[in-house]
Ligand SMILES: NC(=O)C1=CN([C@@H]2O[C@H](COP(=O)(O)OP(=O)(O)OC[C@H]3O[C@@H](n4cnc5c(N)ncnc54)[C@H](OP(=O)(O)O)[C@@H]3O)[C@@H](O)[C@H]2O)C=CC1
Ligand SMILES: O=C(O)[C@@H]1CCC=N1
């Protein structure tokens, strides 16, 4: 368990996914976790649900903690940073989770060099199955990087990447849970169409998606080969595969990823 403290400026969907994961994995004791929000409604809900320290005062939390996660929307970064920048110390490690907010842009917003780790997590962190991409500036020491990496590894997997690829991460792992939920929802629609209940459809579909993902991760076999294992010659699956190819399944996903990446680059400016 880390002796240090962590604070979240903003505690909406993404921050709460991380907080829930941290509390469950016991990396931080609840009393070492702080969170702020815009409204009393959110901080009351967060206090009730996770029993961590809550406040409406960003500066107070920024001053107090060792790790400070900026968990507001990208376009709110500028405003929040100008509010807290005088309150953070030279030792505070700032962790960002916003799409489109670069290390160079952050340095400008803070008007000085600060310790920065830029991440792109995803909401499955809530159940310990997150995927977080991470890069950092030169002020981050080995120990700090290890601590932050451990922190995100307690709620899933971590990939250290070059910053130039960071804007492409939402399309691959930050936003992609949304497309997978659409797939599960659609599979459940198909099941309902055949006479299954909605719950049965969702369970059958979600378990198949989970199993397929585990097969890729745990066997190391290429997804194309795993697909081939399912397709019996002259059987039913290859009919579905051919139909998906005709309807541009792969092309639709690739296009969606292009749109996602383009928008990610623009987000901090909105
Ligand atoms: N959702 C996702 O799947 C992912 C999101 N992200 C990133 O996470 C960040 C947050 O997104 P998400 O959690 O979805 O958004 P939410 O809208 O759910 O949360 C934003 C939070 O910021 C709070 N807030 C707004 N203004 C202030 C302020 N001035 N001071 C303190 N708190 C403030 C809000 O308070 P209140 O609740 O009171 O309104 C809310 O709790 C974004 O930058 C996004 O790019 C990254 C990866 C995945
Ligand atoms: O939709 C968004 O902008 C954020 C980035 C990754 C997931 N949600």
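Here, residue 1 is simply the first one shown, and the rest follow in order.
Including glycine, each Cβ sits where the backbone N, Cα and C put it.
Feature annotations, courtesy of TrEMBL:
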- 5-100: domain 'Pyrroline-5-carboxylate reductase catalytic N-terminal' (DOMAIN)
- 9, 10, 11, 12, 13, 14, 71, 72, 73, 74: NADP(+) binding site (BINDING)
- 58: NADPH binding site (BINDING)
- 163-265: domain 'Pyrroline-5-carboxylate reductase dimerisation' (DOMAIN)
For residue 58 (NADPH binding site), what is the secondary structure state per DSSP, taken as helix, strand or coil?
helix
Neighbour count (Cβ, 10 Å) for residue 13 (NADP(+) binding site):
9
What is the maximum Cα to Cα distance, in Å and rounded to a whole number, among the residues 9, 10, 11, 12, 13, 14, 71, 72, 73, 74 annotated as binding NADP(+)?
14
Compute the C-alpha separation of residue 73 (NADP(+) binding site) from residue 58 (NADPH binding site), stating it in Å without decimals.
15
Per DSSP, to which secondary structure element type does residue 13 (NADP(+) binding site) belong, with helix, strand and coil as the options?
helix
For residue 9 (NADP(+) binding site), list the number of other Cβ atoms lying within 10 Å of its Cβ atom.
26
